[in-house]
Amino acid sequence: MSDNRRSRMITEGPQRSPNRAMLRAVGFGDNDFTKPIVGVANGHSTLTPCNAGLGALAARAEAAIRAAGGMPQIFGTITVSDGISMGTEGMKYSLVSREVIADSIETVVNAQRMDGILAVGGCDKNMPGALIAMARLDIPAIFVYGGTIKPGHYKGRDLTIVSVFEAVGEYSAGRIDEHELLEIERHACPGVGSCGGMYTANTMSSAIEALGLSLPGSSTMAAEDEEKAISAARSGEVLVEAIRANRTARQMLTRKSFENAIAVVMALGGSTNAVLHLLAIAYAANVPLTIDDFETIRQRVPVLCDLKPSGRYVATDLHRVGGVPQVMKMLLNAGLLHGDCMTITGQTIAEVLADVPDEPPADQDVIRPFHKPLYPQGHLAILRGNLAEEGCVAKITGIKQRSITGPARVFDAEEECLEAILSGKIKPGDVVVIRYEGPKGGPGMREMLAPTSAIIGAGLGDSVGLITDGRFSGGTYGLVVGHVAPEAAVGGTIALVEEGDSITIDADARLLQLNVSDEELARRRAAWQPRPPRYTRGVLAKYARLVSSASLGAVTDRFDGESA
């Protein structure tokens, strides 16, 4: 069987002479039409430091593919900057961009009958978007992460972008002055690369490494280091090898590999967004995975890494002491990882990890020893109760108070809530409710980093709870609960909460409860009316019509009557 299994449909035979004529115009010669055509989905953009270095990586991968005997074809895909759009209407487009990225890659690869796909991405939605496309396509595929930004430094402490969001809250609370805020702003982002803590981008790059669709050790490299460029080139070579072996994406994307990815996310202390994205990738791969699987795995996997936002270190620190392979080796030795899962390299997880030390270096505390973890169980808890019949996600590390019962402070949009926090209207003991921010209601399920950072900055992180049908940034920590489902826009109980109602968040009991009688809830439900759509034309209107519940991954190709 030839290596150009798909592209031969557009390159072989007299009837394909017009096709070849066009390909000659973009660099194909007589001897190139039997070579596999390899797509390079390039997310390069100067919108954001996360993606500003991707062009060079795509070029290195392109050259390596060509040298290995493939015919690379570069095409663009989009990105939006979560950090820049955060706290604005623009953030409604962030999760939408995941679908646009997935759809665009799938569209180009299938339209051009490409034999393999290498995707280069950096900002948060690039990773799940590319993986969703790879899962749908089920062809040889590999992901190249753009790499993490190095930390900024100011007054002897490491800074990340989250430092600036929290500084806004400190400034509003009078804890720092305008000069201090400006200096933190100036020093937080010293170069290119994705946000530096174990936020969403680094969480998802690590999950992809655990899934076997990126090179071992590549997910925590700094964007500006030469090893990242070398890794991009090697990824191109590995992809051509995978095409020759017909090693396709779904051979890696199995039930066991998703369990591995969840275990790694828990051990790293990763972002709540991993729940949403892994559910969506699994759905695209036709792998049964539910929100409850995260809770099952959480209960047996400890948090081993002391990483921001709730910890002390950043991704480059993790890389320095062994990176994701070191964490995976520890999980494998503890029986918490499936070593027989295949990777795009052709090796199993166990084979990839064979030469990794059993324990991390002794002279560091980024990765804790297994007998002395940072936390004995994972940090992404799935809560249920009458406020979240379909479930919700709580991040329960880095908090002193694991439960709260307090009066609801209800806001129907993020902006209203942020103004209340910054003006001092939120008090210790309050439970903030931000609703109509779900996948359909927002639409787009905005991340609530601005309100949560303002709460932290105001010194209320240990005394105020926050629940939302929106999402949280990977930079969020505190007593926060997101992805509440059903969401307000479809009549979920969160829509029925009234100002001053008693709400309980209990991380240990995994409970999210509105302390109102069933009779009163029934009365409110009977009186509730759905709100008219916020958008009636354009991409947000289309997204609101198509998107599923957050408990199902907020996907846009799950249709009525389809089982979970």
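Cβ coordinates are placed from backbone N, Cα and C, and glycine is handled just like the others.
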Exercise. According to Swiss-Prot, ASP124, LYS125, GLU447 bind Mg(2+); identify which of ASP82, ASP177, ASP501, ASP506 is listed for that same site.
Key: ASP82
Quiz item: Of the candidates CYS50, CYS305, which does Swiss-Prot annotate as part of the [2Fe-2S] cluster site that also includes CYS123, CYS195?
Solution: CYS50
Self-check item: Chain-mates of CYS50, CYS123, CYS195 with C-beta within 8 Å of site centroid, [2Fe-2S] cluster
Solution: THR48, PRO49, ASN51, SER81, ASP82, GLY83, GLY122, ASP124, ILE149, GLY193, SER194, ALA201
Quiz item: Hey, how far is SER473 (active site, proton acceptor) from GLU447 (Mg(2+) binding site), Cα to Cα, in Å?
Solution: 5
Quiz prompt | Cβ-based neighbourhood (8 Å from the centroid) of the Mg(2+) site, residues ASP82, ASP124, LYS125, GLU447 excluded | solution = VAL80, SER94, LEU95, SER97, CYS123, THR200, ALA201, ASN273, SER473
Quiz prompt | Rounded Cα-Cα span from ASP124 (Mg(2+) binding site) to CYS195 ([2Fe-2S] cluster binding site), Å | solution = 9
Quiz prompt | CYS123 ([2Fe-2S] cluster binding site) and GLU447 (Mg(2+) binding site), distance between Cα atoms, whole Å | solution = 14
